[in-house]
Ligand SMILES: [Ca+2]
Ligand SMILES: [Ca+2]
Ligand SMILES: [Ca+2]
């Protein structure tokens with residue numbers, strides 16, 4: 001999951017196309033983390049993440065009530081991004097101390113916290129939503145599944 005997120009960010013830097021929902025698009029087209037907005041650092045290199053229009057309504061060194069503070073100098077992110085299993089703050093503080101989702105015994109726990117029936121693992125369907133029940137890490141390659149079906 002982390003790998004694909006990183007790949008996407010790298011791609012968006014290269015392609016200058018669209019930024020992900022968790023990023024801010026600078027005037028130059030560059031993508032920076034949302035937490036970089038109004039943190040007094042010129043992350044965009046063109047100042048567009050620190051403009052007066054963007055930051056004037058923000059409390060000095062603070063975040064709006066509907067925002068989560070990433071800590072000193074870490075900027076602000078929308079409150080709903082806290083504990084959404086995606087590190088939006090540079091220091092990951094929005095995902096620290098979040099309640100851990102546990103699955104009942106005998107259930108499979110997806111990377112995104114969802115619980116699924118164990119037999120849904122490696123069945124070719126993306127039941128987790130993040131594909132972690134079908135990931136290469138589980139060694140469920142399609143060939144193996146086909147072979148099993150053939151043997152049955
Ligand atoms: Ca900034
Ligand atoms: Ca988050
Ligand atoms: Ca599945």
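Residue 1 is the first one shown; counting continues down the chain.
Heads up, the Cβ atoms here are built off N, Cα and C, so glycines get one too.
The annotation disulfide bond is assigned in TrEMBL to 19-31 (among others). For residue 31 (disulfide bond), other Cβ atoms within 10 Å of its Cβ number 23. Secondary structure at residue 31 (disulfide bond), as computed by DSSP, is strand.
Positions annotated as disulfide bond by TrEMBL: 26-44 (among others). All chains included, 21 other C-beta atoms sit within 10 angstroms of the C-beta of residue 44 (disulfide bond).
Per TrEMBL, the feature disulfide bond maps to 83-98 (among others). Around the Cβ of residue 98 (disulfide bond), the same chain contributes 82, 83, each under 8 angstroms and 6 or more positions distant in sequence.
Among the features that TrEMBL reports, disulfide bond is placed at 103-115 (among others). For residue 115 (disulfide bond), the same-chain residues lying six or more positions away in sequence with a CB closer than 8 A to its CB are 101, 103, 104, 107, 108, 109.
For 110-128 (among others), the entry in TrEMBL reads disulfide bond. Residue 128 (disulfide bond): 21 other CB atoms within 10 A of its CB, across all protein chains.
The annotation signal peptide is assigned in TrEMBL to 1-19.
Cα to Cα, residue 44 (disulfide bond) and residue 110 (disulfide bond) are separated by 35 Å. Here the CA atom of residue 19 (disulfide bond) lies 26 Å from the CA atom of residue 110 (disulfide bond). Within 10 Å of the C-beta of residue 19 (disulfide bond) there are 20 other C-beta atoms, taking all protein chains into account. Of all the disulfide-bonded residues listed here (26, 83, 110), the one with the fewest other CB atoms within 10 A of its own CB is 83. In the three-state DSSP reading, residue 83 (disulfide bond) counts as coil.
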